[in-house]
Amino acid sequence: MLYPQEFDVIVVGGGHAGTEAALAAARMGCDTLLLTHNIETLGQMSCNPSIGGIGKGHLVKEVDALGGAMAAATDESGIQFRILNSSKGPAVRATRAQADRILYKAAIRQRLENQPHLWLFQQAVDDLMVEGDRVVGAVTQVGIRFRARTVVLTAGTFLDGKIHVGLNNYPAGRAGDPPAVSLSARLKELKLPQGRLKTGTPPRIDGRSIDFSKLIEQPGDGVAAADGTPASSPMPVFSFLGSAAQHPRQMPCWITNTNQRTHDILRTGFDRSPMFTGVIEGVGPRYCPSIEDKINRFADKNSHQIFLEPEGLTTNEYYPNGISTSLPFDIQLAAVRTMLGMENAYILRPGYAIEYDYFDPRELKTSFESKAIGGLFFAGQINGTTGYEEAAAQGLYAGANAALQAQGNPPLSFGRDQAYLGVLVDDLITKGVTEPYRMFTSRAEFRLQLREDNADMRLTEIGRSVGLVDDVRWDAFNRKRDAVSRETERLKSTWVHPAILPAADSERLFGKALEHEYNLADLMRRPGISYDTVAEALTIARPGNYVSRETLNSQLGADLAAAVIEQLEIAIKYAGYIDKQNEDVQRAAHYEHLRLPDELDYAQVTALSFEVRQKLTKHRPETLGQASRISGVTPAALSLLLIHLKRGRFKGFTGNDKVAAGPISADAVNTDINDNPAHAATDAA
């Protein structure tokens with residue numbers, strides 16, 4: 001039957017990508033339908049019970065800055081919070097949280113059920129409705145046909161999924177859930193380039209069978225250790241609107257290690273390993289290898305650290321992070337019991353590997369819309385990524401762009417200098433994947449600007465402009481932005497000099513007496529000098545006219561005041577580095593945002609090698625920046641392409657343009673670039 005209601009956006013799949021996609025489209029005012037094979041598993045954490053980490057935490061903060069749900073749900077469900085790389089620079093500091101699976105899923109479900117313009121429907125999708133070269137809806141397993149202007153596919157590991165435990169395997173989307181075999185077959189019929197990837201998960205352990213007295217405790221930040229050692233730092237918060245008061249009871253993680261005996265037992269199972277015997281065809285994640293892969297690749301290491309992570313407050317289940325495996329169950333059990341504290345471990349669920357289909361993200365436009373099928377968007381593991389955070393970011397992005405298309409508006413996009421989400425999208429659509437892609441800070445060229453702490457400053461205004469950000473978040477953002485601006489100006493315009501700050505106080509606070517007059521911002525630039533230090537100096541130098549944390553706390557509240565002070569300290573201390581990176585961004589912008597003509601026939605650019613012409617024709621990059629990141633497209637090839645465009649007299653590519661000159665206005669070029677078909681090459685560049 002044809003369902004009587006037509007939707008603006010249909011989202012297929014209810015994992016981390018699907019839920020963010022559906023919420024984003026609905027927040028933007030589009031009538032949105034979320035189709036899932038099981039409403040009870042919406043927002044389920046299929047693998048590890050954690051959110052965030054290096055690079056990943058940055059994505060979560062960006063999703064939050066754009067109005068997404070992941071950070072807020074983590075604040076409501078997180079049972080341990082830590083700041084990773086806390087001793088390093090602000091660009092690579094990252095928030096990570098252990099989450100209670102049940103609480104996290106409930107937090108996501110609550111948001112989905114109460115979001116205006118969003119409908120939920122429990123049915124697996126078996127087919128897409130395609131008319132000509134455009135998708136117009138989806139068909140469920142019992143033949144219900146839903147029509148929509150756009151469709152977002154977020155199928156995760158379900159497309160023709162197959163679980164492996166030893167040499168035994170069976171069809172599944174994940175443990176306990178059926179695969180999406182019919183939908184996978186339908187996508188292959190549409191001639192969309194695809195491949196196989198694999199990921200895995202470790203066996204789960206009953207905590208009652210673990211001897212924690214033998215293990216090393218790892219408490220979270222902001223929590224006193226079991227021996228009474230006080231917390232050395234405040235408890236982190238994920239959402240810009242969150243607070244530590246939202247966190248449930250906190251729990252520690254525990255550390256054990258594999259040993260030589262563990263490795264010996266694991267090796268005895270290699271002849272029954274689906275990975276080593278060639279049963280698994282898909283490529284696994286490089287940065288989250290199985291334990292058998294680790295001991296095979298790093299044979300010189302006799303031990304690997306294993307983190308025992310609690311699955312929640314109301315369960316005894318533990319997740320042993322570091323021993324993902326697809327070896328036979330008898331090997332899993334024997335190996336686990338060789339580890340300290342795990343001698344009597346009881347396994348609740350076996351570890352397994354799962355193979356699944358993904359579709360080549362190089363066949364997507366910058367908006368994540370398919371180049372082949374109009375209105376069809378892809379997000380999450382179907383694009384070849386791995387990780388909840390990468391999926392959530394893609395889901396929000398694809399959902400927003402599906403909504404914008406349904407509304408008749410231009411797509412949303414982010415540059416590599418604007419967001420980790422921009423880096424993620426650009427990497428996927430220009431480079432593609434040969435293994436599951438995960439985010440790291442090292443993937444971003446401009447990471448000093450792409451910090452966790454300023455994700456809202458970078459993105460919330462953009463999110464507001466397209467309807468992603470509600471009034472509550474917008475008001476909070478403006479309060480923070482105004483406070484940062486106001487306080488920055490006050491620090492720059494408030495001066496102290498030797499006559500009013502005694503030498504003894506100056507030496508105590510700054511290490512030496514002041515030589516001349518300084519404003520507070522200049523003093524804060526010194527190593528080891530904080531906002532509180534200059535505030536104390538001002539209290540002494542100008543009693544009654546002072547800047548202080550207490551003043552900000554009373555004006556803004558403690559959480560917002562702390563965020564404002566963090567922004568002030570980073571912006572002032574790293575101003576020189578940030579300014580230099582801004583110059584790098586401006587230099588790169590000349591090429592990065594310069595759009596290539598849609599009608600450009602690369603086969604006619606005879607100065608280019610056959611390989612380069614072939615790759616440019618295949619991938620059809622939208623900008624010169626994207627073209628530069630395609631494998632095999634060299635700087636020399638770009639120069640030859642520029643010469644061709646100049647000879648063709650495309651707007652912005654005239655004979656007088658100099659490659660090394662200052663940036664040409666990309667906006668001016670892009671206005672008319674596609675209105676000027678190439679002429680015969682008659683003049684010199």
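Backbone N, Cα and C define each Cβ position, glycine as well.
Note on G15 (FAD binding site): other Cβ atoms within 10 Å of its Cβ, all shown chains, come to 30. Marked as FAD binding site by Swiss-Prot on the basis of sequence analysis: G13, G14, G15, H16, A17, G18.
Look at Swiss-Prot and you will find 284-298 tagged as NAD(+) binding site, backed by sequence analysis. Sequence-distant neighbours of F298 (NAD(+) binding site) (same chain, 6+ apart, CB under 8 A from its CB) do not exist here.
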Distance, H16 (FAD binding site) to N296 (NAD(+) binding site) (CA atoms, angstrom): 32
Sequence-distant neighbours of C288 (NAD(+) binding site) in its chain (C-beta under 8 A, six or more apart): T199, S324, T386, P436, R438
Other CB atoms within 10 A, centred on S290 (NAD(+) binding site): 26
G284 (NAD(+) binding site) and G18 (FAD binding site), distance between Cα atoms, whole Å: 23
For E292 (NAD(+) binding site), the number of other Cβ atoms found within 10 Å of its own Cβ: 25
For the FAD site built from G13, G14, G15, H16, A17, G18, further residues of that chain with CB within 8 A of the site's CB center: V11, T19, E20, A21, T36, G43, T154, G156, G380, A391, G395
